[in-house]
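**Student:** Quick one: this structure, given as structure tokens, is what I'll be asking you about.
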Amino acid sequence: MANRSIRDGDNPELLEERRMATFDTDKMAAVIYGSEEFARRRREITDAVSKIPELADIKPYPFLTREEKVTEGTRKISILTKYLNQLIDRDNEEESLHLHREVIGYEGHPFALHDALFIPTLQSQASDEQQEKWLERARRREIIGCYAQTELGHGSNLRNLETTAVYDIASQEFVLHTPTTTALKWWPGALGKSCNYALVVAELIIKRNNYGPHFFMVQLRDEKTHIPLKGVTVGDIGPKMNFNAADNGYLGLNNLRVPRTNLLMRHCKVEADGTYVKPPHAKIGYSGMVKIRSQMAMEQGLFLAHALTIAARYSAVRRQGHLDDKQVEVKVLDYQTQQHRLFPSLARAYAFIFTGFETIHLYSQLLKDVDMGNTSGMADLHALTSGLKSVVAHETGEGIEQARMACGGHGYSMASYISVVYGIAIGGCTYEGENMVMLLQLARYLVKSVELIKAGKAKKLGPVASYLADKSDETDLTSLNGYVKMFENMARRQAWKATEKFLKLMESGESREVAWNKSAVELTRASRLHTRLFIIEAFMRRVSRIEDIPVKEVLTDLLHLHVNYELLDVATYALEFMSFTQLDYVRDQLYLYLEKIRPNAVSLVDSFQISDMQLRSVLGRRDGHVYENLFKWAKSSPLNNADVLPSVEKYLKPMMEKAKL
């Protein structure tokens with residue numbers, strides 16, 4: 001079998017690992033990225049980028065100031081725009097995303113939200129006439145846009161957004177206004193200094209009637225001078241935990257007037273006389289958010305893959321301590337504790353990516369259905385992606401932090417780059433909806449499903465919730481399907497338990513809101529179990545369709561590791577369905593599959609095919625030459641430009657001289 005990462009001159013420690021591969025890493029990459037064609041295109045794009053010197057980092061990112069990071073991201077994006085047509089198919093979103101990650105990494109750039117939310121929202125919410133006016137300009141990058149929804153005082157609670165858009169019938173204009181400090185738009189990427197347009201989410205008000213949040217196309221800056229327009233207050237919100245090459249911003253609007261036709265009108269409309277034509281589905285305007293959430297499982301899986309590539313490779317290079325042979329130190333990756341720290345997260349990375357394929361497909365199908373006037377799948381996908389967004393982002397953060405600690409002291413260095421990946425990934429716990437709020441949105445769906453069953457209407461359940469009506473308590477763990485049944489038992493029991501608590505509180509006289517709040521912890525637990533069940537099923541479905549036998553065998557091992565680890569992780573919910581003997585069996589199976597995965601561990605992370613340019617890690621570099629390059633990296637620190645720092649001359653030397661007196 002072939003690990004395609006082998007090159008002459010590699011560290012012998014990694015060469016030894018790669019020669020143990022039982023599968024072809026290119027074929028595994030085709031499974032990870034959905035097709036042989038796209039896996040090949042990723043490699044071609046990576047190779048092409050490596051031949052353009054202008055796109056190389058001017059110096060390691062950790063040594064750049066914030067302003068230098070913003071400038072570097074902007075420099076690269078301007079150069080990249082020049083080469084786009086020869087590097088990628090501009091209509092291929094996957095190719096574009098890979099190219100930008102290859103060149104810019106995770107630090108951010110002015111077109112991140114432009115491509116991820118601004119353009120997709122125009123595609124899904126703007127009428128044909130509006131798309132003709134704005135969409136091609138956005139695609140050509142004549143204008144730079146952002147998505148301005150979150151406010152300083154309100155994030156996930158869209159019902160209480162303060163920004164208003166009052167319709168003036170006489171002038172046929174909307175008057176947009178942020179009446180308070182807490183109404184300021186806050187956080188949108190590129191809003192601070194880069195973008196000149198924004199899709200502003202504001203409360204639509206006609207004749208004092210509030211029709212809820214709607215999208216408005218708003219010009220913020222003059223297209224020639226880039227100076228903010230009158231009535232627009234805009235700026236950068238300052239440094240963040242990470243993503244500091246992005247100018248996340250604030251926006252205030254002081255009675256800014258825009259034409260009536262700047263309301264995005266694909267699904268709703270305001271006539272000249274103020275007549276409001278409502279959309280076919282109340283949440284159809286949220287399709288942009290649903291898209292982001294549908295992509296998040298895959299995106300977070302790739303963040304986790306990035307960190308694990310670094311940690312697994314370094315763990316195969318690092319030797320410390322002894323086992324049987326007292327003359328040779330052992331590879332850190334041979335310790336069971338290190339395997340237990342990394343391999344379950346590796347299984348999750350694959351599981352999240354495979355789950356992402358399913359949700360992206362479901363979103364694509366939803367768009368087709370909506371165009372045909374069918375919005376029946378909206379609630380199901382909204383609930384599913386809400387749960388996935390929360391569970392996957394949280395578990396990814398946990399896995400990345402474990403990967404960092406698995407690298408020992410060097411993991412704490414910015415040379416590892418893991419802390420950067422962590423800072424980006426855990427942003428997913430709050431952007432596009434705070435995690436607890438997302439779990440509770442899924443919980444509403446689960447409660448409604450249980451109520452349907454109680455009312456004898458189980459046939460109305462969506463396919464994802466149909467197990468809630470099952471009465472089987474099967475506990476056979478001799479097959480993967482048995483593990484699925486066990487998770488169904490746990491998720492069903494918790495969903496019913498949480499729903500019954502909620503209903504009993506209302507029966508006792510509590511208001512619906514208070515009863516919901518008092519049941520919230522149990523409801524979020526139900527949502528997590530439901531989501532983890534879906535992830536396991538998605539992993540199983542993907543593995544079942546693989547045709548290459550060696551690839552299928554190693555992914556089956558990874559799947560077995562995953563289901564055993566996940567079951568142990570939530571074992572308190574399983575105790576009423578399984579014996580302690582079965583629990584011991586699950587634990588033994590986990591340790592067995594840690595051993596089975598060990599020979600393929602490095603090849604499994606190599607299969608993600610993350611280049612050194614994108615990896616940006618001294619510890620995880622492909623050739624494994626860690627120590628000499630760590631020394632080289634340290635010497636490049638700007639503090640080493642002078643043997644004696646000005647601060648030493650100014651403060652320390654006088655202090656020490658004074659102490660001698």
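For all residues, glycine too, the Cβ spot is worked out from N, Cα and C.
Features from Swiss-Prot:
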BINDING   Y147, A148, Q149, T150, G155, S156, G189, R318, Q338, Q339, H340, R341, G409, E434  FAD binding site
BINDING   K283, I284, G285, Y286, R293, Y431, E432  substrate binding site
SITE      E299  site 'Important for asc-omega-C5-CoA binding and thus substrate specificity'
BINDING   H340, S390, H394, Q402, R525, A526, S527, R528, Y573  ATP binding site
ACT_SITE  E432  active site, proton acceptor
**Student:** Out of Y431, Y573, which of the binding-site residues has the smallest number of neighbouring Cβ atoms within 10 Å?
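**Tutor:** Relative to the other binding-site residues in Y431, Y573, Y431 has the fewest Cβ atoms within 10 Å.
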**Student:** So among the binding-site residues R293, H340, H394, R525, who's got the most Cβ atoms within 10 Å?
**Tutor:** R293
**Student:** So the record assigns H340, S390, H394, Q402, R525, A526, S527, R528, Y573 to ATP. If I measure every Cα pair among those residues, what is the longest distance in angstrom, as a whole number?
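**Tutor:** Result: 26 Å between the two most distant Cα atoms.
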**Student:** What number of additional C-beta atoms lies within 10 angstroms of the C-beta atom of S527 (ATP binding site)?
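**Tutor:** Result for S527 (ATP binding site): 28 other Cβ atoms within 10 Å.
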**Student:** Around the Cβ of G189 (FAD binding site), how many other Cβ atoms lie within 10 Å? Please give the count over every shown protein chain.
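**Tutor:** That number is 25.
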**Student:** Would you mind ranking the binding-site residues G155, G409 by how many other Cβ atoms sit within 10 Å of each Cβ and giving me the lowest?
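**Tutor:** Least crowded of the binding-site residues G155, G409, by Cβ count within 10 Å, is G409.
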**Student:** Excluding near sequence neighbours, so keeping only residues 6 or more apart in the same chain, what lies with its CB under 8 A of E299 (site 'Important for asc-omega-C5-CoA binding and thus substrate specificity')?
**Tutor:** G356, G428
**Student:** At the Cα level, what's the spacing in Å between H394 (ATP binding site) and Y431 (substrate binding site), rounded?
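**Tutor:** With distance taken Cα to Cα, Y431 (substrate binding site) is 12 Å from H394 (ATP binding site).
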**Student:** Between the Cα atoms of Y573 (ATP binding site) and Q149 (FAD binding site), find the distance and write it as a whole number of Å.
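**Tutor:** Distance (Cα to Cα, whole Å): 38 Å.
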**Student:** So if I draw a 10 Å sphere around the Cβ of E432 (substrate binding site), how many other Cβ atoms end up inside it?
**Tutor:** 23
**Student:** If H, G and I count as helix, E and B as strand, and all else as coil, what does DSSP give for Y147 (FAD binding site)?
**Tutor:** strand
**Student:** With Cβ-Cβ distance below 8 Å and at least 6 positions apart along the chain, what are the contacts of Q149 (FAD binding site)? List them in sequence order.
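**Tutor:** When sequence neighbours closer than 6 are ignored, Q149 (FAD binding site) has L158, L161, K185, P188, V201, P213 within Cβ distance under 8 Å.
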**Student:** Reported as an integer number of Å, what is the Cα distance between Y147 (FAD binding site) and R293 (substrate binding site)?
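**Tutor:** Cα to Cα, Y147 (FAD binding site) and R293 (substrate binding site) are separated by 15 Å.
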